[in-house]
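Inspection log for the structure reproduced underneath, given as structure tokens.
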2 protein chains.
Amino acid sequence: ALRILSAEAVEQARSGHPGMPMGAAGMAYVLWTRFLRHDPRDPRWPDRDRFVLSAGHGSMLLYSLLHLSGYDLTLEEIRRFRQWGSLTPGHPEYGRTPGVETTTGPLGQGFANAVGMAMAERFLAGRFNRPGRAIVDHRTYVLAGDGDLMEGVTHEAASLAGHLRLGRLIVLYDDNRITIEGPTSLAWSDDTPARFAALGWQVQSATGEEPQGLTAAIESALADEARPSLIAVRTHIGQGSPNRQDSAKAHGEPLGEEELRLTKQALGWPLAPAFHIPEEAREVFRAAAARGADRRREWLASLEAYAREFPELKAEWDRWQSGEPPCGWREDLAAMEIPAEPTATRVASGLAIQRLARRMPNLVGGSADLGPSNNSVIAGQGSFTPGAVEGPNIHFGVREHAMAAAVNGLALHGGLRPYCATFLVFSDYMRPSLRLAALMGVPSLFLFTHDSIGVGEDGPTHQPVEHLAALRAIPGLTVIRPADARETVEAWQTALERGGPVALVLTRQKVPALARGLDRATTGEAAGAPAGARGGAPAGAVPPVARGAYILAEEPAPADGPPELILIGTGSETSLCLEAQRRLAALGIRARAVSMPSWELFDEQDEAYRHRVLPPAVSARLAVEAAVPMGWERYVGQEGAILAMGRFGASAPAEALFARFGFTVEHILELALALLKRPLPIGSGPGR
Amino acid sequence: ALRILSAEAVEQARSGHPGMPMGAAGMAYVLWTRFLRHDPRDPRWPDRDRFVLSAGHGSMLLYSLLHLSGYDLTLEEIRRFRQWGSLTPGHPEYGRTPGVETTTGPLGQGFANAVGMAMAERFLAGRFNRPGRAIVDHRTYVLAGDGDLMEGVTHEAASLAGHLRLGRLIVLYDDNRITIEGPTSLAWSDDTPARFAALGWQVQSATGEEPQGLTAAIESALADEARPSLIAVRTHIGQGSPNRQDSAKAHGEPLGEEELRLTKQALGWPLAPAFHIPEEAREVFRAAAARGADRRREWLASLEAYAREFPELKAEWDRWQSGEPPCGWREDLAAMEIPAEPTATRVASGLAIQRLARRMPNLVGGSADLGPSNNSVIAGQGSFTPGAVEGPNIHFGVREHAMAAAVNGLALHGGLRPYCATFLVFSDYMRPSLRLAALMGVPSLFLFTHDSIGVGEDGPTHQPVEHLAALRAIPGLTVIRPADARETVEAWQTALERGGPVALVLTRQKVPALARGLDRATTGEAAGAPAGARGGAPAGAVPPVARGAYILAEEPAPADGPPELILIGTGSETSLCLEAQRRLAALGIRARAVSMPSWELFDEQDEAYRHRVLPPAVSARLAVEAAVPMGWERYVGQEGAILAMGRFGASAPAEALFARFGFTVEHILELALALLKRPLPIGSGPGR
């Protein structure tokens, strides 16, 4: 039934991947009818087993399983496979189809998500389970193909899983020995069992057509809680198709009408009607689902008992499960002491983490071996290690890609607020996972420090220039580059309030605390609020950072008419704009300094606000950002100017680089006066 | 000498990584004085051994080795470590410092570059060596750290190297057991020897302080030509520093004045003067260099004999080494038959590859298991496989990241014109290597097919939307998105003429052949040249694509005054603009259709040309591209409009998606008329 349903849907769509569902149907059958603990009537049951189809091109296998198991996925939707608006897109999409735990397709991502899910399970179990009351007690299953196993992100994730001894992670490897270009042996000679054994995994083998052998292997995997498990299941791509089985053609093409007919014959299936599902197939899955429903009822009863025995823990459990930060967190953040002296925004972010962690014990995260540099460590709390899985500090190792994918998995699992950190330049290593976080809309939080030529001596390999643009290009990712410590704290508040993924972009070097001379109407704050006083905006108010851009200063104060010139800065360049604005005021020029930590947030504001901050009448605009200029035209217009990095950086002390590349108050003044077509005042030297 | 020189340079710079050079000095000494075959007086000697410092943060070790060996790198430059304009940047930079084979620092990249270099050596050896005349006969050595080994790209590269049996690749693993966050055991439990053995590697171990053991291990690695070799060398980070050795602090901080003094004492080194190098240290390296020079002289003599015995092969060798395409290639490409019927640009690219490969036997490349989809296979020629390394078709496996890094290595090695291919959406997996190609300016060629929602049913996981912007953001990378078969052929020509890396962005779906109604002055071509006739521009002429943008059509023909409106398209959207231009002409509106395959190329044109194509007087401009709009403001200005994808795509047939997202002639007309503030003509429906 799984084979034919999958092949028929692909045929109907005239597009898709029949080979994998047909080859892996046997193992999926064993897993879903004998082991997977889930209740199709509550796809969000917190203690369900997770099933991740890492080989996402085999989506029809998953849709067939979901349909047969009784999820809210009708046969009509399966007939609409790969059509506009259907619940059955070409690759599984989280949030679209009930029972789909993560969006997969880009290879290796699902595998690495699953490592994050398995980490979440262990973390939550460590925090909440009590003797006799294991309210967190589930497994994470993965179905992966050879393409998944070849990807580097899978290696990283497998190495991390082995290190962390994630014994509840069980990967079924669909060993069909066929890739798109031909037999896997064309490009791949790994000794896969030995490879995974070397990473600390339990490794077994089985065949797809022997339910007993596979059953025994899964049982053995379940019994070994000290090691993640890989079960290499020998399968045959396109199994049942007389002329396509074991061929690369089976991978990504419909069988064709005639071959589908021959396949039905070969499998002893009625030739008509199409999309036929025999009652006995439904019965097997229904029985499995009924067992899952029983388990969920037992779990609910156990949770009730747990609530009686451990009412405080149960309240905490509910808070974590809600996905919301705890009451009072905004007030607490707002009460935070903000350094008045020059402070790197990565340091300010570290302070915010400490503050937040006091109230948010489900804030978990770590770095790809740059914790001390990223200021991402929660002080005074333990590490998530093989022996003590309740520590919130995760050591991801030098594995940026798996880190990001695992954080997505931690977020997808539910119950936690995960973050991860590395240098901004290494966001490149994580992009496929950043993209999927955005596509799924999960609240993964990415801290990127060392955000410009401010990196200094490490040179162009470590100095991001194109990364801000590249991150801003991802739909659904909110990028925030705060200008000082206070903006950093507000950025954290904003990040925690967003539904989707957020990237905080932070300096290595110190930046001054900026005095805000902004008007009350813009921000809900009193004008002239002193820097260095307290944290975020008053609880209840929208902090200026959440608006994406705001008027930082203007002298004389904003009048009815617009200013002559607008200087727009982000991050470490904002203070240069502020100082230039002051110098212009001294020359009698009314300039406005705008701090613009986030394009995405600003673009979401209503037109009145946007025009208030950037009045259309003012065409003399200068944006200042130590990154490629791409996209700034949108905000400065055709008559504006952009002071940016049009090239890679260089190795030298940061101060030298800022001067050499023209990021100085003098150069800003020069460009500003040129925009206004005014001469340089006597005594002003050239900006570079 | 290596230890102290490195530590002193870091101390002088007050920035850098002393620990790795101090720990790895012993193994570097053994390799460079006993094995490495190189001649410092000719750093580009084609048959030199390659040495790649994958752990690029240990740059001072490499600079010390280069200085002592007699490369053109003075002590003065070493004193200027990490300063503006010095030859000793924070991480090794290819093209800046003689003897630096590749730019490293982002971990794993050097390792994977080296795999490409080792592939190049085998390919060239297979093509050129003759019995008794092994003119290609060198090794590739890598010094890698634990960070390199943890990165996924290294796994992919190691797996590929094992598969291809690159027996001349020898990796010394600096096993110092310390990472930035602490001991490697914090995050890493791999059984590294077993892991590499599982990938088909010879694995040995040694210690950094026992030259005999390491010598024997390298000899054994050299003797095993069937397998790449990993030698795990137990070292001590910061060795010799009494208080920093074996500590994470040794990694990335100067020792400090006092500790440097203590280190000198501990190592029995004179406390003064600074940067002291004893003559006996110089002598050892000088002797090794002299042996290398002898080897080069022998090689030159052998090459002379080879030239006499195999004059045609020698001529071919010279052509390959020159880095230039062979004579007549432009004419040959220009004579190519271009399909007149609708053709996917990926298919046109495949045709161009076939044509070019006839004359360019050093064109080598392949795909990350998408060859049939990327149309990247050279027909009728063999594969680069373990048994037959002369085939130009490389099966990279599902390893996009290592593929890109290996292509950089193939390009860095010299003698070859390498390319690689995958879907555009998976360019994300390769970004760290794309960036390094751009930073180094090497002519790696990247083919990215399936370039938009034209992917169709596979859905948003496989539909790039932000990738064009993200690629354009990389300084030094030329991105070309041709509109039809002819532009594709011209794009290939342009790519081969560029010095640096190029990304060709190609459609999955068919696009019509565009009739060019362009004026002679713009392009050197006669107006109204029929489509489907011949290939690129006449030899000698600059093809329109090389200009980045050109006037595709205008009706009535361009007069002295500017048109009323400009429609700008790229790739598959260009034909929509052309059709809209025709429809506007029928309404009596003089519109110009501009084809703009490349921003970078257009931005390089002189102002006269740019203003000719996009006259500043015309503010009614509409850009059409099925990708995020970011950056288009630069070309359409504040009063222009952008028809783009502001969101992720969806799973449905491609035609449905183009219609749903508004990429239709009707919608373009609607937007164009709105720009001109003219009413829609009667009978025109809405565009979506």
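In case you wondered, yes, glycine gets a Cβ from its N, Cα and C as well.
Remember, predicted model here, so these are calculated numbers, not experimental data.
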Can you match one of A:ASP137, A:ASP146, A:ASP148, A:ASP224 to the Mg(2+) site that TrEMBL gives for A:ASN176, A:ILE178?
A:ASP146
Please identify which of A:HIS38, A:HIS57, A:HIS67 is recorded by TrEMBL as part of the thiamine diphosphate site containing A:GLY105, A:PRO106, A:LEU107, A:GLY147, A:ASN176, A:HIS251, A:PHE426.
A:HIS57
Find the one among the binding-site residues A:GLY105, A:LEU107, A:ILE178 whose C-alpha lies closest to that of A:ASP458 (substrate binding site).
A:LEU107
Rank the recorded positions A:ASP146, A:GLU400, A:ASP458 by how many other Cβ atoms lie within 10 Å of each Cβ and give me the one with the fewest.
A:ASP146
Counting other Cβ atoms within 10 Å of each residue's Cβ, which of the binding-site residues A:LEU107, A:ILE178 comes out lowest?
A:ILE178
Check the Cα-Cα distances from A:GLY105 (thiamine diphosphate binding site) to the recorded positions A:HIS17, A:ILE178, A:GLU400, A:HIS450, A:HIS462 and tell me which is shortest.
A:HIS17
I'd like the number of other C-beta atoms within 10 A of the C-beta of A:ASN176 (thiamine diphosphate binding site), please.
27
A:HIS450 (substrate binding site) versus A:HIS57 (thiamine diphosphate binding site) - Cα distance in angstrom:
37
How many neighbouring Cβ atoms, not counting its own, are there within 10 Å of the Cβ of A:PRO106 (thiamine diphosphate binding site)?
27
Sort out the sequence-distant neighbours of A:PHE426 (thiamine diphosphate binding site) for me: same chain, 6+ apart, CB within less than 8 Å of its CB, listed by position.
A:ALA368, A:GLU400
Candidate with sparsest Cβ neighbourhood (10 Å radius) among A:HIS57, A:GLY105, A:GLY147, A:HIS251, A:HIS450, the listed binding-site residues:
A:HIS251
Sorted by position, what residues of the same chain at least six away from A:ARG508 (substrate binding site) have a C-beta under 8 A from it?
A:ALA344, A:ARG346, A:SER373, A:THR449, A:HIS450, A:ASP451, A:GLY454, A:VAL455, A:GLY456, A:ALA654
According to DSSP, which of helix, strand or coil covers A:ARG346 (substrate binding site)?
helix
